[in-house]
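In what follows, a structure is listed as C-alpha coordinates, so that the remarks can point back to it.
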Ligand code: TGC
Ligand code: FAD
(Lines of atoms letter the chains of each structure in order from A and count residues from 1; the text may use other names and numbers.)
(Lines give C-alpha, C1' and ligand atoms only; values in the text may rest on other atoms or scores of the structure.)
(Ligands and ions follow the chains in the order given, each with its own letter.)
Protein backbone atom coordinates (compact mmCIF):
# COMPACT_ATOMS: atom_id res chain seq x y z
CA UNK A 1 0.00 0.00 0.00
CA UNK A 2 1.25 3.48 -0.85
CA UNK A 3 2.90 5.40 2.00
CA UNK A 4 0.99 8.60 1.07
CA UNK A 5 2.81 10.83 3.55
CA UNK A 6 6.23 9.33 2.61
CA UNK A 7 6.94 8.90 6.33
CA UNK A 8 9.42 6.09 5.79
CA UNK A 9 11.46 8.42 3.57
CA UNK A 10 12.60 9.92 6.87
CA UNK A 11 14.21 6.63 7.91
CA UNK A 12 17.94 6.09 7.49
CA UNK A 13 19.25 3.50 5.07
CA UNK A 14 19.99 1.15 8.00
CA UNK A 15 16.47 1.61 9.41
CA UNK A 16 14.97 0.81 6.00
CA UNK A 17 17.14 -2.29 5.79
CA UNK A 18 15.89 -3.43 9.21
CA UNK A 19 12.31 -2.76 8.08
CA UNK A 20 12.74 -4.81 4.93
CA UNK A 21 14.53 -7.67 6.69
CA UNK A 22 11.85 -8.02 9.38
CA UNK A 23 9.07 -7.62 6.82
CA UNK A 24 10.51 -10.44 4.70
CA UNK A 25 10.88 -12.64 7.80
CA UNK A 26 7.23 -12.02 8.70
CA UNK A 27 6.05 -12.71 5.13
CA UNK A 28 8.07 -15.96 4.87
CA UNK A 29 7.97 -17.41 8.40
CA UNK A 30 4.92 -15.97 10.15
CA UNK A 31 2.06 -15.09 7.81
CA UNK A 32 1.73 -18.56 6.24
CA UNK A 33 1.19 -20.10 9.71
CA UNK A 34 -0.09 -17.51 12.14
CA UNK A 35 -3.80 -18.07 11.41
CA UNK A 36 -3.35 -21.74 12.38
CA UNK A 37 -1.33 -20.86 15.49
CA UNK A 38 -4.09 -18.47 16.50
CA UNK A 39 -6.79 -21.07 15.90
CA UNK A 40 -4.84 -23.75 17.80
CA UNK A 41 -3.73 -21.29 20.51
CA UNK A 42 -0.02 -22.03 20.17
CA UNK A 43 3.12 -19.95 19.76
CA UNK A 44 6.22 -21.95 18.69
CA UNK A 45 8.58 -20.02 20.93
CA UNK A 46 11.39 -22.58 21.10
CA UNK A 47 11.53 -22.74 17.31
CA UNK A 48 11.16 -19.00 16.69
CA UNK A 49 13.31 -17.77 19.58
CA UNK A 50 16.70 -18.58 17.97
CA UNK A 51 15.47 -17.27 14.59
CA UNK A 52 14.41 -13.98 16.17
CA UNK A 53 17.76 -13.96 17.99
CA UNK A 54 19.69 -14.31 14.75
CA UNK A 55 17.53 -11.56 13.22
CA UNK A 56 18.89 -9.37 16.02
CA UNK A 57 15.51 -8.19 17.36
CA UNK A 58 15.80 -9.54 20.93
CA UNK A 59 17.03 -6.69 23.11
CA UNK A 60 17.97 -4.90 19.90
CA UNK A 61 18.04 -1.46 21.57
CA UNK A 62 20.43 -2.61 24.32
CA UNK A 63 24.24 -2.35 24.14
CA UNK A 64 26.64 -5.24 24.69
CA UNK A 65 26.03 -8.86 25.78
CA UNK A 66 25.26 -9.92 22.20
CA UNK A 67 22.56 -7.26 21.74
CA UNK A 68 22.42 -5.26 18.53
CA UNK A 69 22.74 -1.83 20.22
CA UNK A 70 20.49 -0.12 17.69
CA UNK A 71 18.63 3.18 18.01
CA UNK A 72 15.04 3.53 19.23
CA UNK A 73 13.56 4.22 15.79
CA UNK A 74 15.10 0.99 14.49
CA UNK A 75 13.55 -0.90 17.40
CA UNK A 76 10.21 0.77 16.68
CA UNK A 77 10.32 -0.08 12.98
CA UNK A 78 11.07 -3.72 13.85
CA UNK A 79 8.10 -3.80 16.26
CA UNK A 80 5.87 -2.32 13.56
CA UNK A 81 6.80 -5.00 11.05
CA UNK A 82 6.52 -7.82 13.62
CA UNK A 83 3.05 -6.71 14.69
CA UNK A 84 1.95 -6.47 11.05
CA UNK A 85 2.31 -10.25 11.39
CA UNK A 86 0.64 -10.66 14.77
CA UNK A 87 0.52 -8.82 18.10
CA UNK A 88 1.56 -12.09 19.78
CA UNK A 89 4.85 -12.09 17.86
CA UNK A 90 5.57 -8.48 18.85
CA UNK A 91 4.55 -9.30 22.43
CA UNK A 92 7.11 -12.11 22.55
CA UNK A 93 9.82 -9.70 21.38
CA UNK A 94 8.63 -6.85 23.67
CA UNK A 95 8.56 -9.04 26.75
CA UNK A 96 11.92 -10.60 26.00
CA UNK A 97 13.75 -7.37 25.16
CA UNK A 98 11.98 -4.59 27.04
CA UNK A 99 10.55 -6.34 30.09
CA UNK A 100 12.91 -9.22 30.87
CA UNK A 101 16.28 -8.23 29.37
CA UNK A 102 15.98 -4.47 30.02
CA UNK A 103 15.73 -4.67 33.85
CA UNK A 104 18.63 -7.14 34.00
CA UNK A 105 20.65 -4.92 31.64
CA UNK A 106 19.78 -1.67 33.45
CA UNK A 107 19.57 -2.74 37.10
CA UNK A 108 21.27 -6.15 37.24
CA UNK A 109 24.63 -7.19 38.71
CA UNK A 110 27.54 -8.08 36.42
CA UNK A 111 26.88 -11.77 37.17
CA UNK A 112 23.16 -11.52 36.34
CA UNK A 113 23.97 -9.81 33.05
CA UNK A 114 26.62 -12.35 32.06
CA UNK A 115 24.43 -15.26 33.05
CA UNK A 116 21.29 -14.26 31.18
CA UNK A 117 21.68 -11.53 28.55
CA UNK A 118 23.77 -13.30 25.87
CA UNK A 119 21.49 -16.35 25.86
CA UNK A 120 18.39 -14.17 25.87
CA UNK A 121 19.69 -12.03 22.98
CA UNK A 122 20.28 -15.26 21.05
CA UNK A 123 16.76 -16.51 21.82
CA UNK A 124 18.15 -19.57 23.60
CA UNK A 125 16.73 -18.50 26.95
CA UNK A 126 13.23 -17.05 27.25
CA UNK A 127 12.24 -14.44 29.84
CA UNK A 128 9.02 -13.19 31.36
CA UNK A 129 8.04 -10.21 33.54
CA UNK A 130 5.84 -10.66 36.59
CA UNK A 131 4.20 -7.48 37.82
CA UNK A 132 0.41 -7.96 37.57
CA UNK A 133 -1.35 -9.98 40.28
CA UNK A 134 -4.84 -11.46 40.44
CA UNK A 135 -5.99 -8.59 42.68
CA UNK A 136 -3.59 -5.84 41.57
CA UNK A 137 -3.45 -4.98 37.87
CA UNK A 138 -3.66 -1.24 37.23
CA UNK A 139 -2.47 -0.60 40.78
CA UNK A 140 0.77 -2.56 41.16
CA UNK A 141 1.92 -0.37 44.08
CA UNK A 142 -0.32 -2.47 46.32
CA UNK A 143 1.00 -5.86 45.17
CA UNK A 144 0.95 -8.70 47.70
CA UNK A 145 3.83 -10.86 46.45
CA UNK A 146 6.62 -10.45 48.95
CA UNK A 147 10.18 -11.55 49.60
CA UNK A 148 11.92 -11.75 52.95
CA UNK A 149 15.54 -12.55 53.77
CA UNK A 150 16.08 -15.34 56.31
CA UNK A 151 19.02 -15.67 58.70
CA UNK A 152 21.20 -17.18 55.93
CA UNK A 153 20.63 -14.15 53.70
CA UNK A 154 18.55 -16.13 51.20
CA UNK A 155 15.33 -14.56 49.93
CA UNK A 156 12.07 -16.46 50.42
CA UNK A 157 9.54 -15.45 47.77
CA UNK A 158 5.80 -16.01 48.16
CA UNK A 159 2.79 -14.85 46.17
CA UNK A 160 1.15 -15.02 42.76
CA UNK A 161 1.20 -13.18 39.45
CA UNK A 162 -1.38 -13.32 36.68
CA UNK A 163 -1.57 -12.70 32.93
CA UNK A 164 2.15 -13.21 32.42
CA UNK A 165 3.23 -13.40 28.78
CA UNK A 166 5.71 -16.27 28.15
CA UNK A 167 5.26 -17.39 31.81
CA UNK A 168 5.03 -21.15 31.33
CA UNK A 169 7.72 -21.28 28.61
CA UNK A 170 10.21 -18.99 30.35
CA UNK A 171 13.65 -19.99 31.62
CA UNK A 172 13.85 -16.90 33.79
CA UNK A 173 11.25 -14.64 35.37
CA UNK A 174 11.86 -11.05 36.46
CA UNK A 175 9.52 -10.85 39.45
CA UNK A 176 8.59 -7.70 41.37
CA UNK A 177 7.82 -8.15 45.07
CA UNK A 178 7.36 -6.19 48.28
CA UNK A 179 10.28 -6.31 50.70
CA UNK A 180 11.08 -4.51 53.95
CA UNK A 181 12.92 -2.10 51.70
CA UNK A 182 10.05 -1.40 49.27
CA UNK A 183 9.39 -3.05 45.91
CA UNK A 184 12.41 -4.94 44.53
CA UNK A 185 13.01 -6.98 41.38
CA UNK A 186 14.19 -10.61 41.51
CA UNK A 187 15.80 -12.74 38.82
CA UNK A 188 14.14 -16.12 39.27
CA UNK A 189 15.23 -19.20 37.29
CA UNK A 190 11.97 -20.98 36.57
CA UNK A 191 13.34 -24.38 37.63
CA UNK A 192 13.69 -23.14 41.23
CA UNK A 193 11.66 -25.38 43.60
CA UNK A 194 8.37 -23.74 44.60
CA UNK A 195 7.98 -21.88 41.27
CA UNK A 196 5.09 -22.94 39.02
CA UNK A 197 3.52 -21.36 35.94
CA UNK A 198 0.28 -22.87 34.66
CA UNK A 199 -0.90 -21.59 31.29
CA UNK A 200 -4.11 -19.55 31.04
CA UNK A 201 -6.49 -21.08 28.49
CA UNK A 202 -9.75 -20.08 26.76
CA UNK A 203 -8.38 -16.71 25.62
CA UNK A 204 -10.18 -15.14 22.67
CA UNK A 205 -7.39 -12.63 22.06
CA UNK A 206 -3.62 -13.01 21.63
CA UNK A 207 -4.16 -16.70 21.05
CA UNK A 208 -0.77 -17.01 19.29
CA UNK A 209 0.94 -16.00 22.53
CA UNK A 210 1.51 -17.89 25.77
CA UNK A 211 -0.10 -16.29 28.85
CA UNK A 212 0.29 -17.81 32.33
CA UNK A 213 -0.09 -17.39 36.05
CA UNK A 214 3.03 -17.54 38.23
CA UNK A 215 2.97 -19.02 41.74
CA UNK A 216 5.76 -18.68 44.29
CA UNK A 217 5.50 -21.09 47.20
CA UNK A 218 8.45 -20.48 49.52
CA UNK A 219 10.78 -20.01 46.54
CA UNK A 220 14.29 -19.84 48.02
CA UNK A 221 16.65 -17.56 46.13
CA UNK A 222 20.25 -16.60 46.90
CA UNK A 223 20.94 -13.08 48.18
CA UNK A 224 22.39 -12.35 44.73
CA UNK A 225 18.96 -12.88 43.04
CA UNK A 226 17.79 -9.34 43.75
CA UNK A 227 18.33 -6.62 41.12
CA UNK A 228 20.77 -4.37 42.97
CA UNK A 229 20.26 -1.24 40.90
CA UNK A 230 16.69 -0.17 41.68
CA UNK A 231 14.20 0.11 44.52
CA UNK A 232 10.56 1.14 44.43
CA UNK A 233 7.81 1.16 41.83
CA UNK A 234 9.90 3.20 39.44
CA UNK A 235 11.82 -0.05 38.70
CA UNK A 236 8.96 -1.88 36.98
CA UNK A 237 7.40 1.36 35.67
CA UNK A 238 10.61 2.24 33.84
CA UNK A 239 10.46 -1.16 32.13
CA UNK A 240 6.87 -0.46 31.13
CA UNK A 241 7.98 2.75 29.42
CA UNK A 242 10.34 0.68 27.26
CA UNK A 243 7.68 -1.85 26.35
CA UNK A 244 4.96 0.74 25.77
CA UNK A 245 7.29 2.40 23.27
CA UNK A 246 7.42 -0.86 21.30
CA UNK A 247 3.63 -1.12 21.44
CA UNK A 248 2.98 2.38 20.13
CA UNK A 249 5.05 1.46 17.08
CA UNK A 250 3.81 -2.12 16.85
CA UNK A 251 0.12 -1.34 16.59
CA UNK A 252 0.84 0.78 13.51
CA UNK A 253 1.80 -2.48 11.81
CA UNK A 254 -1.40 -4.25 12.86
CA UNK A 255 -3.42 -1.25 11.65
CA UNK A 256 -1.60 -1.18 8.32
CA UNK A 257 -2.25 -4.89 7.78
CA UNK A 258 -5.96 -4.32 8.42
CA UNK A 259 -6.17 -1.35 6.06
CA UNK A 260 -4.33 -3.29 3.34
CA UNK A 261 -6.79 -6.17 3.73
CA UNK A 262 -9.73 -3.77 3.54
CA UNK A 263 -8.46 -2.00 0.42
CA UNK A 264 -7.76 -5.32 -1.27
CA UNK A 265 -11.22 -6.58 -0.45
CA UNK A 266 -13.03 -3.35 -1.32
CA UNK A 267 -11.48 -3.20 -4.77
CA UNK A 268 -12.38 -6.78 -5.69
CA UNK A 269 -15.66 -7.53 -3.91
CA UNK A 270 -18.57 -6.66 -6.21
CA UNK A 271 -22.07 -5.83 -4.96
CA UNK A 272 -24.84 -3.99 -6.80
CA UNK A 273 -22.75 -4.34 -9.96
CA UNK A 274 -19.56 -2.61 -8.85
CA UNK A 275 -16.66 -3.00 -6.42
CA UNK A 276 -17.77 -2.00 -2.91
CA UNK A 277 -14.73 0.34 -2.84
CA UNK A 278 -16.55 2.39 -5.47
CA UNK A 279 -19.28 3.35 -2.99
CA UNK A 280 -18.74 6.63 -1.18
CA UNK A 281 -19.61 5.12 2.20
CA UNK A 282 -16.76 2.60 1.82
CA UNK A 283 -14.34 5.27 0.65
CA UNK A 284 -15.21 7.41 3.65
CA UNK A 285 -14.27 4.52 5.94
CA UNK A 286 -11.04 3.85 4.04
CA UNK A 287 -10.07 7.53 4.01
CA UNK A 288 -10.50 7.86 7.79
CA UNK A 289 -8.50 4.69 8.29
CA UNK A 290 -5.71 6.12 6.11
CA UNK A 291 -5.75 9.34 8.16
CA UNK A 292 -5.59 7.38 11.43
CA UNK A 293 -2.72 5.26 10.16
CA UNK A 294 -0.72 8.26 8.96
CA UNK A 295 -1.22 10.12 12.23
CA UNK A 296 -0.13 7.07 14.23
CA UNK A 297 2.98 6.66 12.12
CA UNK A 298 3.90 10.30 12.60
CA UNK A 299 3.37 10.01 16.35
CA UNK A 300 5.55 6.90 16.52
CA UNK A 301 8.37 8.45 14.49
CA UNK A 302 8.28 11.66 16.51
CA UNK A 303 8.40 9.77 19.82
CA UNK A 304 11.16 7.54 18.46
CA UNK A 305 13.25 10.59 17.67
CA UNK A 306 12.63 11.98 21.17
CA UNK A 307 13.74 8.65 22.63
CA UNK A 308 16.88 8.70 20.52
CA UNK A 309 17.53 12.25 21.74
CA UNK A 310 17.18 10.97 25.31
CA UNK A 311 14.27 13.29 26.17
CA UNK A 312 11.22 10.98 25.92
CA UNK A 313 9.01 11.25 29.03
CA UNK A 314 6.56 8.66 30.44
CA UNK A 315 3.70 11.08 29.68
CA UNK A 316 4.71 11.22 26.02
CA UNK A 317 4.81 7.41 25.94
CA UNK A 318 1.29 7.36 27.43
CA UNK A 319 0.15 9.76 24.68
CA UNK A 320 1.50 7.42 22.02
CA UNK A 321 0.18 4.20 23.58
CA UNK A 322 -3.27 5.72 24.09
CA UNK A 323 -3.58 7.38 20.68
CA UNK A 324 -2.05 4.65 18.54
CA UNK A 325 -3.84 1.68 20.13
CA UNK A 326 -7.16 3.51 19.87
CA UNK A 327 -6.46 4.35 16.20
CA UNK A 328 -5.42 0.76 15.43
CA UNK A 329 -8.55 -0.70 17.03
CA UNK A 330 -10.73 1.75 15.12
CA UNK A 331 -9.02 0.77 11.86
CA UNK A 332 -9.34 -2.94 12.65
CA UNK A 333 -13.05 -2.62 13.46
CA UNK A 334 -13.80 -0.63 10.29
CA UNK A 335 -11.81 -3.16 8.23
CA UNK A 336 -13.78 -5.98 9.72
CA UNK A 337 -17.02 -4.28 8.70
CA UNK A 338 -15.79 -3.73 5.12
CA UNK A 339 -15.01 -7.44 4.81
CA UNK A 340 -18.62 -8.30 5.69
CA UNK A 341 -19.08 -11.98 6.59
CA UNK A 342 -15.51 -12.73 5.48
CA UNK A 343 -14.38 -10.32 8.17
CA UNK A 344 -15.10 -12.86 10.88
CA UNK A 345 -12.97 -15.71 9.54
CA UNK A 346 -9.27 -16.46 9.97
CA UNK A 347 -9.00 -16.63 6.16
CA UNK A 348 -8.29 -12.91 6.47
CA UNK A 349 -6.02 -11.33 9.10
CA UNK A 350 -8.49 -8.70 10.30
CA UNK A 351 -10.49 -10.44 13.04
CA UNK A 352 -7.22 -11.83 14.45
CA UNK A 353 -5.69 -8.36 14.65
CA UNK A 354 -8.95 -6.89 15.96
CA UNK A 355 -9.27 -9.32 18.86
CA UNK A 356 -5.52 -9.11 19.61
CA UNK A 357 -5.80 -5.35 19.88
CA UNK A 358 -8.37 -5.74 22.66
CA UNK A 359 -5.56 -7.18 24.80
CA UNK A 360 -3.16 -4.49 23.66
CA UNK A 361 -5.72 -1.88 24.77
CA UNK A 362 -5.65 -3.45 28.25
CA UNK A 363 -2.07 -4.50 28.84
CA UNK A 364 0.83 -2.16 29.53
CA UNK A 365 -1.61 0.27 31.14
CA UNK A 366 -5.28 0.24 30.19
CA UNK A 367 -6.77 3.02 28.10
CA UNK A 368 -8.10 4.57 31.34
CA UNK A 369 -4.65 4.54 32.97
CA UNK A 370 -3.16 6.47 30.05
CA UNK A 371 -6.12 8.87 29.95
CA UNK A 372 -5.56 9.58 33.65
CA UNK A 373 -1.83 10.02 33.05
CA UNK A 374 -2.55 12.68 30.43
CA UNK A 375 -5.24 14.21 32.67
CA UNK A 376 -2.70 14.48 35.48
CA UNK A 377 -0.13 16.01 33.10
CA UNK A 378 -2.68 18.62 31.97
CA UNK A 379 -4.17 19.55 35.33
CA UNK A 380 -1.56 18.58 37.90
CA UNK A 381 -4.39 16.76 39.71
CA UNK A 382 -4.19 13.02 40.49
CA UNK A 383 -7.45 11.23 39.57
CA UNK A 384 -6.03 7.69 40.00
CA UNK A 385 -6.69 7.40 43.70
P1 LIG B 1 3.48 7.03 40.86
O2 LIG B 1 3.48 7.70 42.20
O3 LIG B 1 2.95 7.75 39.69
O4 LIG B 1 4.99 6.56 40.52
C5 LIG B 1 5.74 5.80 41.45
C6 LIG B 1 7.20 6.08 41.18
O7 LIG B 1 7.54 5.64 39.85
C8 LIG B 1 8.02 6.76 39.05
N9 LIG B 1 7.51 6.55 37.70
C10 LIG B 1 8.30 6.16 36.70
N11 LIG B 1 9.62 5.94 36.66
C12 LIG B 1 10.13 5.56 35.49
N13 LIG B 1 9.38 5.37 34.38
C14 LIG B 1 8.05 5.56 34.40
N15 LIG B 1 7.31 5.35 33.32
C16 LIG B 1 7.45 5.99 35.60
N17 LIG B 1 6.18 6.29 35.98
C18 LIG B 1 6.24 6.64 37.28
C19 LIG B 1 7.46 7.97 39.73
O20 LIG B 1 8.23 9.12 39.44
C21 LIG B 1 7.56 7.56 41.19
O22 LIG B 1 8.93 7.64 41.58
P23 LIG B 1 9.35 8.04 43.06
O24 LIG B 1 10.83 8.08 43.02
O25 LIG B 1 8.70 9.38 43.30
O26 LIG B 1 8.81 6.97 43.96
O27 LIG B 1 2.76 5.62 41.06
P28 LIG B 1 1.22 5.25 41.27
O29 LIG B 1 1.17 4.14 42.28
O30 LIG B 1 0.41 6.50 41.49
O31 LIG B 1 0.80 4.58 39.88
C32 LIG B 1 0.86 5.24 38.71
C33 LIG B 1 0.24 4.38 37.57
C34 LIG B 1 -1.23 4.09 37.82
C35 LIG B 1 0.38 5.22 36.31
C36 LIG B 1 1.03 3.06 37.47
O37 LIG B 1 0.81 2.24 38.57
C38 LIG B 1 0.69 2.29 36.19
O39 LIG B 1 1.26 2.55 35.14
N40 LIG B 1 -0.25 1.29 36.28
C41 LIG B 1 -0.52 0.42 35.15
C42 LIG B 1 0.11 -0.92 35.39
C43 LIG B 1 0.60 -1.54 34.11
O44 LIG B 1 0.76 -0.90 33.09
N45 LIG B 1 0.92 -2.81 34.17
C46 LIG B 1 1.52 -3.46 33.05
C47 LIG B 1 2.03 -4.83 33.46
S48 LIG B 1 3.17 -5.53 32.28
C49 LIG B 1 2.26 -5.88 30.95
O50 LIG B 1 1.13 -5.56 30.80
C51 LIG B 1 2.99 -6.61 29.90
S52 LIG B 1 2.09 -6.88 28.49
C53 LIG B 1 3.21 -7.84 27.75
C54 LIG B 1 3.23 -7.80 26.30
O55 LIG B 1 3.65 -6.79 25.67
O56 LIG B 1 2.87 -8.87 25.78
P1 FAD C 1 -7.96 -3.81 36.45
O2 FAD C 1 -6.79 -3.03 36.92
O3 FAD C 1 -8.77 -4.55 37.45
O4 FAD C 1 -8.91 -2.84 35.63
C5 FAD C 1 -10.26 -3.18 35.26
C6 FAD C 1 -10.91 -1.92 34.66
O7 FAD C 1 -10.94 -0.89 35.65
C8 FAD C 1 -10.12 -1.36 33.48
O9 FAD C 1 -11.00 -0.84 32.53
C10 FAD C 1 -9.32 -0.25 34.12
O11 FAD C 1 -8.90 0.77 33.22
C12 FAD C 1 -10.32 0.28 35.13
N13 FAD C 1 -9.66 1.02 36.19
C14 FAD C 1 -8.74 0.58 37.09
N15 FAD C 1 -8.34 1.59 37.89
C16 FAD C 1 -9.02 2.70 37.48
C17 FAD C 1 -9.04 4.07 37.88
N18 FAD C 1 -8.24 4.53 38.87
N19 FAD C 1 -9.87 4.92 37.25
C20 FAD C 1 -10.65 4.49 36.22
N21 FAD C 1 -10.67 3.21 35.78
C22 FAD C 1 -9.86 2.33 36.39
N23 FAD C 1 1.15 -8.25 33.18
C24 FAD C 1 2.44 -8.48 33.52
O25 FAD C 1 2.88 -8.11 34.62
N26 FAD C 1 3.27 -9.16 32.67
C27 FAD C 1 2.85 -9.60 31.46
O28 FAD C 1 3.65 -10.18 30.71
C29 FAD C 1 1.50 -9.37 31.08
N30 FAD C 1 1.03 -9.85 29.89
C31 FAD C 1 -0.31 -9.74 29.61
C32 FAD C 1 -0.83 -10.40 28.49
C33 FAD C 1 -2.20 -10.34 28.23
C34 FAD C 1 -2.75 -11.08 27.05
C35 FAD C 1 -3.05 -9.59 29.07
C36 FAD C 1 -4.52 -9.51 28.79
C37 FAD C 1 -2.54 -8.96 30.17
C38 FAD C 1 -1.17 -9.02 30.47
N39 FAD C 1 -0.64 -8.45 31.63
C40 FAD C 1 0.67 -8.66 31.98
C41 FAD C 1 -1.54 -7.81 32.59
C42 FAD C 1 -1.99 -6.42 32.20
O43 FAD C 1 -0.97 -5.49 32.35
C44 FAD C 1 -3.21 -6.08 33.08
O45 FAD C 1 -4.28 -6.85 32.59
C46 FAD C 1 -3.54 -4.60 33.04
O47 FAD C 1 -2.53 -3.84 33.67
C48 FAD C 1 -4.90 -4.31 33.73
O49 FAD C 1 -4.99 -4.95 34.96
P50 FAD C 1 -6.31 -5.84 35.30
O51 FAD C 1 -6.51 -6.78 34.18
O52 FAD C 1 -6.12 -6.37 36.66
O53 FAD C 1 -7.51 -4.81 35.27
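Glycine residues also receive a Cβ, built from the backbone N, Cα and C atoms like all the rest.
Record features (TrEMBL):
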DOMAIN    12-124  domain 'Acyl-CoA dehydrogenase/oxidase N-terminal'
DOMAIN    128-219  domain 'Acyl-CoA oxidase/dehydrogenase middle'
DOMAIN    231-378  domain 'Acyl-CoA dehydrogenase/oxidase C-terminal'
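Mean model confidence for the domain 'Acyl-CoA dehydrogenase/oxidase C-terminal' (231-378) is a pLDDT of 98. Here the domain 'Acyl-CoA dehydrogenase/oxidase C-terminal' (231-378) is broken down by DSSP into helix, strand and coil counts: 123 helix, 4 strand, 21 coil.
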